[in-house]
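According to Swiss-Prot:
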| type | residues | note |
| --- | --- | --- |
| DISULFID | CYS36-CYS113 | disulfide bond |
| DISULFID | CYS43-CYS107 | disulfide bond |
| DISULFID | CYS44-CYS98 | disulfide bond |
| DISULFID | CYS114-CYS127 | disulfide bond |
| SIGNAL | 1-25 | signal peptide |
Amino acid sequence: MFSNAAAFSTVALATYAAATPAVVARTEPHPSSSNCGTTTIECCKDVGTATSLESPLKSAFIQHGLVSSLLVALGVVKVVDVVLGVVVDPNVVLGLTCSTVAVGGSCNAQQVCCENVAFNGLVNVGCTAIDIL
């Protein structure tokens, strides 16, 4: 019985790991707002790597009831993996507390283009800062 449970756990974990997409940080130059492609322009309160935003990320996840403080103790990169279902490199750029910038709208924080948006802009993954002309 125990060997069946162990085998199932191993296969399930391997399947999860193989099916989880990886997010990679962009290395090309910062785009202008016209080069965001199909992504929208977001105005984010905090922008930085998962490692540099560890404290605000932990607070946001706990405040919004997405995870318990026990899970946050595992580390912010693991939390993003569990909550978003996306494997995040510690150096990928994230945007926190973001909202879409309307055409002609203004932003009092950092404007970015992001590849993945989760929880109505609470966490955006794969962001690139926009040079405003």
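The backbone N, Cα and C atoms fix where each Cβ goes, and this holds for glycine too.
Among the disulfide-bonded residues CYS36, CYS44, CYS113, CYS114, CYS127, the ones whose Cα sits within 10 Å of the Cα of CYS107 (disulfide bond) are CYS44. Note on proximity: among CYS36, CYS98, CYS113, CYS114, the disulfide-bonded residues of the record, the Cα nearest CYS43 (disulfide bond) is that of CYS98. Rounded to the nearest whole angstrom, the C-alpha distance between CYS98 (disulfide bond) and CYS127 (disulfide bond) is 11. Annotation for the disulfide-bonded residues CYS36, CYS43, CYS98, CYS127: lowest Cβ count within 10 Å of the residue's own Cβ, CYS36.
When the disulfide-bonded residues CYS44, CYS107, CYS113, CYS114 are compared by the number of other C-beta atoms lying within 10 angstroms of their own C-beta, CYS107 comes out lowest. If you measure from the Cα atom of CYS114 (disulfide bond) to that of CYS44 (disulfide bond), you get 10 Å. In space, CYS113 is the closest of the disulfide-bonded residues CYS36, CYS44, CYS113 to CYS127 (disulfide bond), judged by Cα positions. For the pair formed by CYS113 (disulfide bond) and CYS44 (disulfide bond), distance between Cα atoms is given as 10 Å, rounded to the nearest Å. Geometry remark: CYS44 (disulfide bond) versus CYS36 (disulfide bond), CA distance 15 Å. Under the three-state DSSP scheme, CYS113 (disulfide bond) falls in the strand class.
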